[in-house]
Amino acid sequence: MHQSLTQQRSSDMSLPDSMGAFNRRKRNSIYVTVTLLIVSVLILTVGLAATTRTQNVTVGGYYPGVILGFGSFLGIIGSNLIENKRQMLVASIVFISFGVIAAFCCAIVDGVFAARHIDLKPLYANRCHYVPKTSQKEAEEVISSSTKNSPSTRVMRNLTQAAREVNCPHLSREFCTPRIRGNTCFCCDLYNCGNRVEITGGYYEYIDVSSCQDIIHLYHLLWSATILNIVGLFLGIITAAVLGGFKDMNPTLPAMNCSVENTHPTVSYYAHPQVTSYNTYYHSPPHLPPYSAYDFQHSSVFPSSPPSGLSDEPQSASPSPSYMWSSSAPPRYSPPYYPPFEKPPPYSP
């Protein structure tokens with residue numbers, strides 16, 4: 001009895017613990033997936049802003065934001081399901097795994113490009129000039145009017161007044177004449193007279209920008225995308241691990257409560273006394289006197305006669321009023337005392 005009570009108490013204590021562990025895992029899964037979804041939205045926003053900032057620089061890493069965002073969305077849905085929870089979480093883990101790989105690659109590409117191919121020194125020194133978009137006729141007028149001035153002044157006027165062809169001074173040569181499109185930020189210090197092998201500062205022109213300040217914004221956006229991709233990389237790994245540990249857990253409190261309630265009526269210390277009293281009621285010959293009530297009747301009801309007479313002539317005795325049962329006498333064969341398959345004891349004189 002003591003052992004059964006101990007087992008019952010331990011099971012009752014383990015049920016809230018298991019349900020608490022399930023709720024804790026579910027809460028942690030929702031927290032990490034929501035956090036990953038927020039980081040994915042930031043990666044997508046910053047990556048698209050960096051990609052669309054210029055026309056010729058499209059290295060913003062927004063692809064991991066799409067993949068990680070979809071995987072985290074599936075994780076949020078799967079964490080709130082019960083029947084199809086495992087399938088949804090497995091799909092979420094697969095997408096998050098691909099998003100982690102994409103975040104790693106994009107972090108390297110964006111970081112290397114921002115560090116190696118964008119030089120902000122000419123921009124901070126105001127040596128880069130913005131060429132607005134004008135018509136071809138205006139550009140020809142600017143070029144023709146600039147021939148009357150000195151070469152250095154002509155270069156500056158061509159750069160500031162959006163000429164299609166400008167002259168950039170060079171150490172080994174007198175001038176270089178590159179062709180510049182409209183809405184372009186051009187840096188002569190980074191343009192080595194068209195020799196792409198000898199370019200020392202990376203990109204020398206940034207097409208389709210509103211001003212040269214957009215290049216500084218692009219630089220900051222690329223580094224922001226790099227940092228966010230690194231954060232998404234580690235957060236995706238943590239999210240996949242948390243979802244992997246939660247996908248096989250199920251709430252077991254209702255089923256265990258039913259089993260505990262069903263086992264209470266079958267406990268030994270409740271059922272044993274009932275069975276014992278039932279058995280003692282129907283099987284109690286040892287607790288009764290050796291003779292039944294039939295043997296304790298008066299001699300007027302049962303006259304004394306030798307047992308041999310009863311055994312010799314059992315059929316010769318005719319019924320008479322003196323041998324009839326009285327109204328207060330119990331029945332001759334009482335089922336509670338003698339079952340049908342047992343023979344009653346012999347009658348005593």
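Every residue gets a Cβ built from N, Cα and C, even glycine.
In Swiss-Prot, the feature transmembrane segment is placed on 57-77, out of the ranges 57-77, 183-203.
Residues of the same chain lying 6 or more positions beyond the ends of the transmembrane segment (89-109) and with a Cβ under 8 Å from any Cβ of it are 33, 36, 40, 43, 47, 59, 61, 63-64, 67-68, 70-72, 74-75, 78-79, 225-226, 229-230, 232-233, 236-237, 239-240, 243-244, 246-247.
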